[in-house]
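Positions annotated as transmembrane segment by TrEMBL: 34-57, 69-90, 110-128, 148-170, 205-234, 246-268, 280-300. As annotated by TrEMBL, domain 'G-protein coupled receptors family 1 profile' applies to 49-298.
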Amino acid sequence: SSVASRCCRIMENQSRISEFFLRGISESPEQQQLFFGIFLCMYLVTLTGNMLIILAIRSDPHLHTPMYFFLANLSFVDVGLTSSTVTRMLVNVQTQHHTISFAGCLTQMYFFLMFGDLDSFFLAVMAYDRYVAICRPLYYPTVMSPQVCALLLALCWVLTHVVALTHTLLMARLSFCVPGEIAHFFCDITPVLKLSCSDTHINRLMVFALGGTVLIVPFICIAISYIHIVLTILRIQTPGAGGKAFSTCSSHLCVVCVFYGTLFSAYLCPASVASEEKDIAAAAMYTVVTPMLNPFIYSLRNKDMKGALKRLL
């Protein structure tokens, strides 16, 4: 190991790797053009749908509530998540220039991690909002006041910034001795770590610790919130009141199932089952498909959003 590390230092001194090769979705030129059209259409739908959600909430005074405040922020984050991963791939396919600089790779990794973690945190905050609205309605104006909402928003941004920056700085200290191919369509942590000739033990430990925390803790908070919501609804004796109360949660619950279903399939899949193709497919689901579906889920299953979008259009 000492000989290998010495050789690595010599190679690094001679020529430090300044760029990587992004394989993309497929190596076939014909399939690349097909995927280019598909991903471009999905990206445009994602951009249009989420921007309409933001504009509808901003323009309609009836939607100036905590739930829609966080929905607007979730839509903004979805646009950022898709833009930070897909746009580079689209440019690479169109120009047939599949390399990305080391600094560009770290930048993409930072924004992907930040927006992806924000998605998880915002879904947890929205679940807490529904819990307070249904289980503690008398305290709702106080618990979810504008000041508290702003504090929760700032806390989410700060925590995700710290997590993303930690991973990025740990990646920046690694040495990459030989030009490598990233078996992905963007700079995700695991494919990049495979190319390093340094000791990546700390990086992998932080991926497990921080990555597990930002995924599992919000998911547990969401699960606990919905357990309390269901128990409260079951105790409601007024006919139809329980169904009306739960209807305000149905859109959020659908988004949670889609988001965490694809995310857990990508990062908690056993090594015997995982493969590069499945990892890429799962990554495409939660970076492109899920942000594209969110506006449809909220607009089709929410009467207030339907009305606001009609008035906006």
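Positions of Cβ are set from backbone N, Cα and C atoms, glycine also.
Just so you know, TrEMBL annotations are computer predictions that nobody has curated.
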Which of 34-57, 69-90, 205-234, 280-300 has the most Cβ pairs closer than 8 Å to the transmembrane segment (110-128)?
69-90
Would you confirm whether the transmembrane segment (34-57) and the transmembrane segment (280-300) meet the contact rule of 3 or more C-beta pairs below 8 angstroms, pairs 6 or more apart in sequence?
yes
Counting only residues 6 or more past its boundaries, what in the same chain has a CB within less than 8 Å of a CB in the transmembrane segment (205-234)?
117, 120-121, 123-124, 127-128, 130-131, 134-135, 159-160, 163, 166-167, 170, 189-190, 193, 242, 245-246, 249, 253, 256, 260, 263-264, 267
